[in-house]
Amino acid sequence: SMMDKISDKFHGGDSSSSSSDSDDDKKGPAAGVKAKIYRLFGREKPVHAVLGGGKPADLVLWRNKKVSGGVLAGATAIWLLFEVMEYHLLTLVGHCLILSLATLFLYSNVCIFIHK
């Protein structure tokens with residue numbers, strides 16, 4: 001009948017399967033999907049989860065290319081400044097402090113002339 005044909009389509013066409021076969025069919029697709037996932041070095045978790053997830057893992061895995069590129073460019077600039085050009089950290093701190101002191105001095109003098 002029509003209902004038997006429809007049920008055969010849903011149950012795989014073999015209406016004389018035993019209960020052990022139907023148990024294997026229930027496990028089969030889920031086990032097959034699990035077996036198809038291949039992870040390097042036999043890991044069970046993805047690399048993103050191993051790295052802790054979140055923004056640091058995204059940075060290391062280059063999920064946001066602009067942020068990762070900016071961090072790489074900044075680290076390269078710092079390396080060039082200190083190693084290649086032999087600039088010292090104490091000198092950099094001193095120059096930054098002098099620049100901030102000069103900026104504050106000019107700002108305070110400009111504010112005095114503007115408010116007169």
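Yeah, the Cβs are placed from backbone N, Cα and C, and that goes for glycine too.
On a predicted model such as this, the values are computed, not experimentally measured, just so you know.
What TrEMBL records for this protein:
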type	residues	note
COMPBIAS	1-12	compositional bias 'Basic and acidic residues'
DOMAIN	56-116	domain 'Reticulon'
REGION	1-30	region 'Disordered'
TRANSMEM	67-85	transmembrane segment
TRANSMEM	91-114	transmembrane segment
Remote residues contacting the transmembrane segment (91-114) - C-beta distance under 8 A, at least 6 residues beyond either end:
81
Please give the average pLDDT for the domain 'Reticulon' (56-116) in this predicted model.
94
In the domain 'Reticulon' (56-116), how many residues does DSSP call helix, how many strand, and how many coil?
52 helix, 0 strand, 9 coil
